[in-house]
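**Student:** Here TrEMBL flags Lys135 as active site, proton donor. Summarising the annotation, TrEMBL assigns substrate binding site to Lys99, Gln120, Lys123, Gly174, Ser386. If you look up TrEMBL, you'll see Thr219, Asn250 marked as NAD(+) binding site. Here TrEMBL flags Asp175 as site 'Important for catalysis'.
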Amino acid sequence: MTTLATETTIDPALQSAYDEVLRRNPGEHEFHQAVEEVLGSLGPVVRRHPHYLEASVIERLCEPERQIIFRVPWTDDAGQVQINRGFRVEYSSVLGPYKGGLRFHPSVMLGTVKFLGFEQIFKNALTGMPIGGGKGGSDFDPKGRSDAEVMRFCQSFMTELYRHLGEYTDVPAGDIGVGGREIGYLFGQYKRITNRYEAGVLTGKGLAWGGSRARTEATGFGTVYFAREMARHAGLSLEGTRVVVSGSGNVAIYAIAKVTELGGTVVACSDSSGYVVDEAGIDLELLREVKEERRERISAYAARRPGATFVAAGSIWDVPCDVALPCATQNELDEAAARQLVSHGLEIVAEGANMPCTPGAVRVFREAGVLFGPGKAANAGGVATSALEMQQNASRDSWTFEHTDARLGQIMTSIHERVVTTAEDYGRPGDYVFGANASGFTQVADAMLAMGVI
Ligand code: NAP
């Protein structure tokens, strides 16, 4: 295993840009973390290309093009008026319309949406597709709400947001708490208000009304395709490995499916109430029944599966594995968890979620020589397949599952190639964090420079 240098400090040439981010965005810790992670990689890039500094590209990129915050009033089943807050951060449109998901979770704040939007710019650039970066959401919690309540919330949310959207302007999709049901209600309201069947305005739609085959599976499948490329590149294989996947939502379920198909065994998965260990390998059919159909807690899986155990306290990262795929949420895997994983012989981490590993955890992985695939590269398959959905909508076409999945596989391979090549070009072989940040940034920065002071 090769140990990578731990460059976490920001180059002095970039420090003032970062200080300005801290001053202008007080209290937005996740946003600070995401910016620090990217700027921490860019020292060698601006030393080689000082014109990025001269044109203040970094300062410009740290400021979103537009930030929208709005009230979302709706009525619950008891007739009580509820108020939530809605957000859309239209971060960068230099490569195409703003593109990125909506998150409905009580923890959502402006800083959460900004961190996700900032990450999305570089992720979308890495796909090589014509999409800019944006993200949105609300502090609404769909858990425990009836379908009728979720529908009324989505309708109210879209009644404000629709004026900012359009297939050439801003194209949201799902994220935590926003799946096929929510996209259906959001699209229905958009269509109603605008009197237009503008299929390309939202992605993650149902197959009967403009959705793409393989979009549901894309983020989880793509993460595993990326992990497979990482393994291949290092002369390893996912076949026969022991894998832990955190979460049990959209990304986690399809990561589990793909790992199993490729001959790995997923021995644990989780939700916010705890985790299950199933040494025989997670039974996907049962997991989908519990989480997707019945919307139950993960303990219901262990209750129905002989040999499986549910652990309410502790961390899923205590479970020994060769490959870790964090697919739940940001900062779910900290330094202590990383040390525990390394002590158990961990070889590969690929982030299915956005920023699930803390900076301390990433440092531990790098020092231990664990292969680490950051989310902006590893989980880009979801947004890439959203762009494929937009292509199908624009051409009034519908591709087969096999064709779309094959395109997804090619895109993940080419992202891997791009990241590896960039890292090698800068004399940092195997440094996926550097390769992803430098490559994504360069593409966005060059487009910005070509367009003048924007
Ligand atoms: P999801 O379907 O809503 O599932 C989220 C899963 O993570 C659930 O099992 C949830 O458990 C768990 N979780 C959420 N917050 C948690 C917390 N604070 N602590 C512990 N567990 C928590 O969402 P998803 O679409 O799979 O998204 C998962 C991650 O992937 C997010 O970081 C998202 O930004 C990222 N991502 C998603 C896509 C996509 O296409 N969907 C694309 C790229 C990246 P509970 O049910 O108990 O809350």
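Heads up, residue numbers simply count up from 1 along the chain you see.
Here the Cβ of each residue, glycine as well, is placed from N, Cα and C on the backbone.
Unlike curated records, TrEMBL annotations are generated automatically.
Show me how these features fit into the structure around them.
**Tutor:** The secondary structure of Lys135 (active site, proton donor), as reduced to three states from DSSP, is extended strand. Within 10 Å of the C-beta of Lys135 (active site, proton donor) there are 31 other C-beta atoms, taking all protein chains into account.
Sequence-distant contacts of Gln120 (substrate binding site), defined as residues of its own chain at least six apart whose C-beta falls under 8 angstroms from its C-beta, comprise Tyr91, Lys99, Gly100, Gly133, Gly134, Lys135, Val383.
Under the three-state DSSP scheme, Thr219 (NAD(+) binding site) falls in the helix class.
Of all Cβ atoms in the shown protein chains, 27 besides its own fall within 10 Å of the Cβ of Asp175 (site 'Important for catalysis').
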**Student:** Cα-Cα separation of Thr219 (NAD(+) binding site) and Ser386 (substrate binding site), in Å?
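**Tutor:** Spelling it out, the Cα of Thr219 (NAD(+) binding site) and the Cα of Ser386 (substrate binding site) are 10 Å apart.
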**Student:** Go through the binding-site residues Lys99, Gln120, Ser386 and pull out the ones with a Cβ less than 6 angstroms from some atom of ligand 1.
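**Tutor:** Near the molecule: none at all.
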**Student:** Quick one: what's DSSP say for Asn250 (NAD(+) binding site), helix, strand or coil?
**Tutor:** helix
**Student:** Which ones, of the binding-site residues Lys123, Asn250, Ser386, have a Cα no more than 10 Å from the Cα of Asp175 (site 'Important for catalysis')?
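**Tutor:** Final answer, ordered: Asn250.
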**Student:** Please work out which residue of Thr219, Asn250 has the most C-beta neighbours within 10 angstroms of its C-beta, and give that one of the binding-site residues.
**Tutor:** Thr219
**Student:** For substrate, what surrounds Lys99, Gln120, Lys123, Gly174, Ser386 with a Cβ no more than 8 Å from their Cβ centroid?
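**Tutor:** Near the substrate site, beyond Lys99, Gln120, Lys123, Gly174, Ser386, sit Gly100, Gly101, Asn124, Ile131, Gly133, Lys135, Ala173, Thr203, Gly382, Val383.
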**Student:** Pop the Cα-Cα gap between Asn250 (NAD(+) binding site) and Gly174 (substrate binding site) into the table, whole Å please.
**Tutor:** 10
